[in-house]
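> Below are the features I grabbed from Swiss-Prot:
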TOPO_DOM  1-48  topological domain 'Cytoplasmic'
TOPO_DOM  70-483  topological domain 'Extracellular'
CARBOHYD  85  N-linked glycosylation site
CARBOHYD  137  N-linked glycosylation site
REGION    146-386  region 'Disordered'
DOMAIN    148-383  domain 'Collagen-like'
COMPBIAS  153-166  compositional bias 'Low complexity'
COMPBIAS  273-286  compositional bias 'Low complexity'
DOMAIN    389-483  domain 'SRCR'
DISULFID  412-472  disulfide bond
DISULFID  425-482  disulfide bond
DISULFID  452-462  disulfide bond
């Protein structure tokens with residue numbers, strides 16, 4: 001196919017070159033005709049001019065016919081080469097032929113052969129216009145009829161011709177004879193300071209530096225000074241003893257005694273046998289934060305032991321005798337502030353006072369030293385975990401029941417399928433389940449219209465009606481078979 005197109009293109013270019021040679025041979029003959037030829041002195045000049053005009057018209061007609069044939073052949077060749085659909089209408093083809101004759105042709109401008117052909121067609125058209133203009137000038141020349149006419153107006157400037165093809169590079173000239181070096185010229189003036197150059201490109205990213213050494217551990221902070229204890233006021237003198245009054249109502253609880261001084265820390269004793277839990281004693285004062293000790297080695301995790309038995313409840317003590325109410329003494333004169341006394345012996349523990357308001361959260365204490373690792377306890381007995389669902393009537397097959405509101409109840413079989421049964425069985429430790437109707441239950445019917453996806457961990461996460469809302473009887477109780 002490509003060879004056929006190449007042969008057609010070469011044949012067309014050959015015909016175009018022959019037409020161009022014919023035009024070049026024809027037009028120089030036409031151009032040699034001079035308008036201002038000297039008039040012969042013969043009397044038959046008019047018939048000679050008529051014959052010349054007839055010859056020119058015949059040649060012009062022949063050239064136009066040849067040009068039309070070339071345009072038609074060019075149109076046919078372009079239709080065969082560049083248009084796959086050959087069903088163009090006649091009016092489209094005539095319009096296309098006019099476009100080919102126009103100097104503003106845009107047919108495949110990127111093909112070198114068509115560009116050369118377009119240049120040749122433009123030259124032919126320009127030569128034809130010049131020929132028509134010369135013939136028109138011959139017919140309108142008054143000197144042919146020995147009548148001097150008026151000077152004509154200047155003609156319209158012609159269209160600008162297409163740019164010529166770039167000529168080949170000329171031969172390199174011979175190298176000139178060497179000359180003696182000229183005298184050294186005077187140094188030129190100092191040039192102006194150049195403008196600041198553009199900012200350079202950002203350099204490549206440097207390599208990561210080595211990781212620095214770990215810093216030394218800081219010293220522990222010093223312990224702050226303890227604040228001064230407030231001075232207790234002087235107690236007033238005791239009043240005279242009054243008459244014994246009637247037994248009064250139980251008095252308010254006494255004030256809590258001051259906490260005793262913290263004793264020195266004893267050495268850790270041997271681990272004793274765990275005894276029964278005693279009664280809760282009063283909370284001691286907050287100890288001073290100890291210095292942080294070195295971290296001890298991490299011991300293996302011991303097995304959780306069984307919870308100890310609950311201790312027996314102690315018996316209620318006897319109510320003490322109500323003391324006599326003394327008269328209120330006069331307020332003494334506040335004495336001078338004395339020196340800070342020595343720490344007294346710890347007093348007896350007073351009755352438990354009412355719980356005070358919760359104090360502000362204290363600052364976190366420093367981490368204490370790690371205690372010695374305790375002995376490994378005995379393995380406790382396995383406890384029974386409470387299940388929120390159960391199977392009644394068999395180990396893994398039976399009626400499905402669920403525990404809610406401190407009571408067991410059944411599930412209605414409306415929309416009960418294998419996905420719901422799988423979630424139910426998963427709550428009992430199985431991997432899958434199968435749902436069906438079992439019936440025979442009693443008591444509450446807790447769930448109805450359960451709609452699980454099969455991926456939930458509990459029936460509480462599934463879509464369902466409200467607890468206790470149903471329209472079923474116990475003959476519709478749901479059953480499961482867990483696997």
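Including glycine, each Cβ sits where the backbone N, Cα and C put it.
Source: prediction; values computed, not measured.
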> If one measures from the C-alpha of residue 452 (disulfide bond) to the C-alpha of residue 425 (disulfide bond), what distance in angstrom results, rounded to a whole number?
13
> Express the distance between the Cα positions of residue 482 (disulfide bond) and residue 137 (N-linked glycosylation site) as a whole number of Å.
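If we compare the Cα positions of residue 482 (disulfide bond) and residue 137 (N-linked glycosylation site), the gap is 117 Å.
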> Hey, what's the Cβ neighbour count for residue 412 (disulfide bond) at 10 Å?
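Residue 412 (disulfide bond): 23 neighbouring Cβ atoms within 10 Å.
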> Can you tell me the CA-to-CA distance separating residue 462 (disulfide bond) and residue 425 (disulfide bond), as a whole number of Å?
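About 14 Å separate the Cα atoms of these two residues.
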> What is the interatomic distance between the Cα atoms of residue 425 (disulfide bond) and residue 412 (disulfide bond), given in whole Å?
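Between the alpha carbons of residue 425 (disulfide bond) and residue 412 (disulfide bond) there are 16 Å.
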> Near the Cβ of residue 137 (N-linked glycosylation site), how many other Cβ atoms are there if near means within 10 Å?
11
> Please report the number of other Cβ atoms within 10 Å of the Cβ of residue 425 (disulfide bond).
24
> Check the disulfide-bonded residues 452, 462 for other C-beta atoms within 10 angstroms of each C-beta and report the one with the most.
452
> Name, in the order they occur in the sequence, the residues of the same chain whose CB lies under 8 A from the CB of residue 472 (disulfide bond) and which sit 6 or more residues away.
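Listed in sequence order: 412, 413, 414, 445, 448.
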